[in-house]
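Summarising the annotation, Swiss-Prot assigns topological domain 'Cytoplasmic' to 1-37, 449-512 and lists similarity to another entry as the type of evidence. Feature annotation from Swiss-Prot assigns phosphoserine to Ser8, Ser11; the stated evidence is similarity to another entry. Under the heading transmembrane segment, Swiss-Prot lists 38-58, 428-448. Residues or ranges marked as topological domain 'Extracellular' in Swiss-Prot (evidence: similarity to another entry): 59-427. The disulfide bond annotation in Swiss-Prot covers Cys92-Cys193, Cys289-Cys364, Cys307-Cys360, Cys311-Cys358, Cys320-Cys342, Cys322-Cys334 and rests on similarity to another entry. Swiss-Prot lists Asn365, Asn392 with the feature N-linked glycosylation site.
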Amino acid sequence: MDLKESPSEGSLQPSSIQIFANTSTLHGIRHIFVYGPLTIRRVLWAVAFVGSLGLLLVESSERVSYYFSYQHVTKVDEVVAQSLVFPAVTLCNLNGFRFSRLTTNDLYHAGELLALLDVNLQIPDPHLADPTVLEALRQKANFKHYKPKQFSMLEFLHRVGHDLKDMMLYCKFKGQECGHQDFTTVFTKYGKCYMFNSGEDGKPLLTTVKGGTGNGLEIMLDIQQDEYLPIWGETEETTFEAGVKVQIHSQSEPPFIQELGFGVAPGFQTFVATQEQRLTYLPPPWGECRSSEMGLDFFPVYSITACRIDCETRYIVENCNCRMVHMPGDAPFCTPEQHKECAEPALGLLAEKDSNYCLCRTPCNLTRYNKELSMVKIPSKTSAKYLEKKFNKSEKYISENILVLDIFFEALNYETIEQKKAYEVAALLGDIGGQMGLFIGASILTILELFDYIYELIKEKLLDLLGKEEEEGSHDENMSTCDTMPNHSETISHTVNVPLQTALGTLEEIAC
């Protein structure tokens, strides 16, 4: 029976589940728990409710599963700016060592490293060299009665590397003259390089308020091919090209020009139209980025290039007990012998076989610069004579050594590329709430009603248990009292008529 008999009055009352079903906002259950016997209508309503509940659980589990797959979407936008910070520009001559600056002591210590001499300090293939160069090299490589002096790789690179003051023919930024003093010396795998707008030494970062040519950096360089080292052997540092390597990067990112730079050839004016990109990536579990504020051992700001340099430095120091000149830290610089026998092979091994040693994640915030390059030939036939007179160089020399580099913003805007969470908690709750409303007509308040019903049900059961314990204790006490009273059943000769509606408490008193 769905109706239960009241213990106090003997009347029929609805059960607690029936009361809840008829007062709850949960759809359908009032038709299941109705007063009366089981009917087909109640069964159909029960099937419909259970089916809807099953569909709700299936759809909700799918939404929860999608949330925990941590998907992301990418938002691309273009923002117009009033002004933009001009990027740092690092440039290196592809020839790291000026031949005329080499000394006998340099060749004694580093001749094999430069592939100019063999292990016996002899010129390996003299027939490949230009006679003039060969004669100069023979004079410098004459070690008869020579007493070697101390040798420092840092001093060697600083002295022998190309000097920007000699290379630069003119420099302009936004139409205003600039010079070698506006560049900072940095060391890379190419040796002595120069960075424009580095922001170091307390110098303010340069900005630009216009896009297009004439509103950026324009420099004319002489790459000095006459100073290039003769090549008759190959090492890790050997290059067969002539020109400069250039990298455009943010000031917080160290140059990694050997992998990220682009080449600029002599005999051409190269136009580089760039656009700033600001990228935002998500951390785990939505992405794989690492916070830029989490610095490294040798760099305060995290970036992929900083991570690579940091990792290579630690690897070389661990394996060779020294560091290359372009590497940060306080370990001693590698000698030429350590360079050739340990450092260079170790870097090659790191790149080829031990790539898992340097796993550098993308920073969560990154600034990079897209580039579009175009070139025109210089000098033109009409300007050749003028340039010959201006620089006191032949047309052949100008064509083989002079280049012009023009770097500018394509437009005064920047592009934002941002990863966003495809599915957040608010969307998950909204979807589940919508499914609940669709299938069972429930809401958050309905769930609160369920919890309230469960609470009242538990409270009622606990009170019933406590009431029964008190009733049993009272009954035992009454039984002991009745045993001490005299038995009057023999003296009572008439029948007591007790109405059927008399309360149980009165009957107990009469019975006692």
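First residue shown is number 1, and so on along the chain.
Every residue, even glycine, has its Cβ placed from backbone N, Cα and C.
Structure coloured by features recorded in Swiss-Prot.
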{"residue": "Cys92", "record": "disulfide bond", "DSSP class": "strand"}
{"residue": "Cys289", "record": "disulfide bond", "DSSP class": "coil"}
{"residue": "Cys307", "record": "disulfide bond", "DSSP class": "helix"}
{"residue": "Cys320", "record": "disulfide bond", "DSSP class": "helix"}
{"residue": "Cys334", "record": "disulfide bond", "DSSP class": "coil"}
{"residue": "Cys342", "record": "disulfide bond", "DSSP class": "helix"}
{"residue": "Cys358", "record": "disulfide bond", "DSSP class": "coil"}
{"residue": "Cys364", "record": "disulfide bond", "DSSP class": "coil"}
Select one residue from Cys193, Cys307, Cys334: among these disulfide-bonded residues, choose the one with the most other Cβ atoms within 10 Å of its Cβ.
Cys193
Near Cys358 (disulfide bond), which of the disulfide-bonded residues Cys193, Cys307, Cys320, Cys322, Cys334, Cys364 can be found within 10 Å, Cα to Cα?
Cys307
Determine the most Cβ-crowded residue among the disulfide-bonded residues Cys311, Cys320, Cys342, Cys358, using a 10 Å radius around each Cβ and all protein chains in the structure.
Cys320
Measuring CA to CA, name the entry from the disulfide-bonded residues Cys289, Cys320, Cys342 that ends up nearest Cys311 (disulfide bond).
Cys320
Express the distance between the Cα positions of Cys320 (disulfide bond) and Cys334 (disulfide bond) as a whole number of Å.
8
Whose Cβ, among the disulfide-bonded residues Cys92, Cys289, Cys322, Cys360, has more other Cβ atoms within 10 Å than any of the rest?
Cys92
Counting other Cβ atoms within 10 Å, pick out the least crowded of the glycosylation sites Asn365, Asn392.
Asn392
Pairwise Cα distance for Cys342 (disulfide bond)/Cys334 (disulfide bond) [Å, integer]:
9
Can you give me the same-chain residues 6 or more apart in sequence from Cys364 (disulfide bond) with a CB-CB distance under 8 Å?
Thr280, Tyr281, Leu282, Pro283, Cys289, Arg290, Ser291, Ser292
Between Asn392 (N-linked glycosylation site) and Cys322 (disulfide bond), find the distance joining the two CA atoms and give it rounded to the nearest Å.
45
C-alpha spacing of Cys307 (disulfide bond) relative to Cys92 (disulfide bond), in angstrom:
21
Of the disulfide-bonded residues Cys193, Cys322, Cys334, which sits closest to Cys360 (disulfide bond) by Cα distance?
Cys322
What whole-number Å value do you get for the CA-CA distance of Cys322 (disulfide bond) and Cys307 (disulfide bond)?
19
Cys307 (disulfide bond) to Asn365 (N-linked glycosylation site): how many Å between their Cα atoms?
14
Quick one: pull the CA-CA distance for Cys193 (disulfide bond) versus Cys334 (disulfide bond), whole Å only.
19
